[in-house]
Amino acid sequence: MSPINTTTEETKQLRDLYPEIEPYKTGMLKVSEIHTLYYEEVGNPSGKPVVFVHGGPGGGTDPRDRRFFDPEAYRIILYHQRGAGDSTPHACLEENTTWDLVEDLEKLRKHVNVDKWIVFGGSWGSALSLAYAETHPERVKALILHGIFCCRRKELLWFYQEGASMIFPDAWDKYLELIPVGERGDLISAYHRRLTGSNEEEKLKAATAWSVWELSTSRLYVDPSYIAYATDDAKFAIAFARIEAHYFVNGAFMSDDEQLLKNADKIKDIPGVIVQGRYDICCPARSAWDLHKVWAKGELHFVDDAGHSTRESGIVHELVIATDKFRDL
């Protein structure tokens with residue numbers, strides 16, 4: 001059960017992403033009376049199906065996300081979860097729970113005519129991938145997960161109340177500025193009130209502050225251009241912050257705080273890879289280790305010079321090796 005660490009020797013020849021690629025198909029899938037999801041397919045239409053499950057919730061995808069997979073070997077399916085990216089209605093919280101998203105994945109699988117697929121997800125996407133695999137294990141050939149998030153209360157408190165604040169005090173003080181001292185005992189709820197209120201100016205300020213905090217802490221080395229994404233794209237910030245706060249104030253709609261770990265026996269026969277930045281501040285390595293301990297087939301790779309972001313070279317290296325590993329599964 002020992003983790004495999006990225007060594008100094010390995011980092012001399014790091015794998016990079018595959019070349020840029022455009023979709024050969026895009027579409028909109030109506031999954032409820034309210035929600036319609038955007039999806040796209042890239043790579044080889046006859047290749048091995050893999051679905052990319054994005055983070056957030058509310059984060060959407062980026063063209064870069066298509067490039068973790070060999071386009072000659074894989075049929076790569078990417079989509080935007082309810083309220084995120086190009087899915088409609090934008091930033092909608094109604095009928096938007098973890099279990100709605102689990103069934104959306106099933107609807108998408110059937111819509112694109114896939115029997116079984118590889119599921120690739122990181123951060124919130126790792127939690128949703130686990131929830132999906134534990135609900136529909138017969139539909140999952142393998143799991144590739146990174147930046148593990150198990151939706152536990154202690155993980156949320158670490159990042160949004162106290163813990164990460166001790167490591168990024170400068171960014172934390174900016175996150176606190178918007179919230180009066182009397183409301184700071186429960187910052188997730190304080191932000192949720194503003195993000196779901198009727199004051200549009202206050203909503204945008206809250207969305208920007210929430211998103212800036214997360215992007216400020218996502219990389220081992222702070223990247224101002226990455227943080228700027230939260231300040232320059234109001235559409236992204238609103239969906240990202242509103243949907244995250246909605247999920248987190250509701251405990252990600254889990255029936256038990258340890259639900260994803262307690263149900264790991266349901267994925268005991270599914271092979272997989274876990275990639276975890278050793279210095280991930282958003283989703284600390286403890287959760288990856290806890291998952292690894294209850295999922296024997298989940299091969300854990302710590303990346304010793306990385307944080308949370310898939311824009312870090314060591315994370316890219318391990319994820320590309322993982323997708324290559326399962327090309328012939």
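A Cβ is built for glycine as well, from the same backbone N, Cα and C atoms used for every other residue.
It should be emphasised that the depicted structure is a prediction, and the values quoted were computed from it without experimental measurement.
The active site, nucleophile annotation in TrEMBL covers S123. Other Cβ atoms within 10 Å of the Cβ of S123 (active site, nucleophile) number 26 in total over all chains.
Same-chain residues at least 6 positions away in sequence with a Cβ under 8 Å from that of D280 (active site) are, in sequence order, G147, A306, G307, H308. Residues or ranges marked as active site in TrEMBL: D280.
Residues annotated as active site, proton donor in TrEMBL: H308.
Residues or ranges marked as domain 'AB hydrolase-1' by TrEMBL: 48-309.
Per-residue pLDDT, averaged along the domain 'AB hydrolase-1' (48-309), amounts to 97 for this model.
Residue environment of H308 (active site, proton donor) contains 27 other Cβ atoms, counted within 10 Å of its Cβ in all protein chains.
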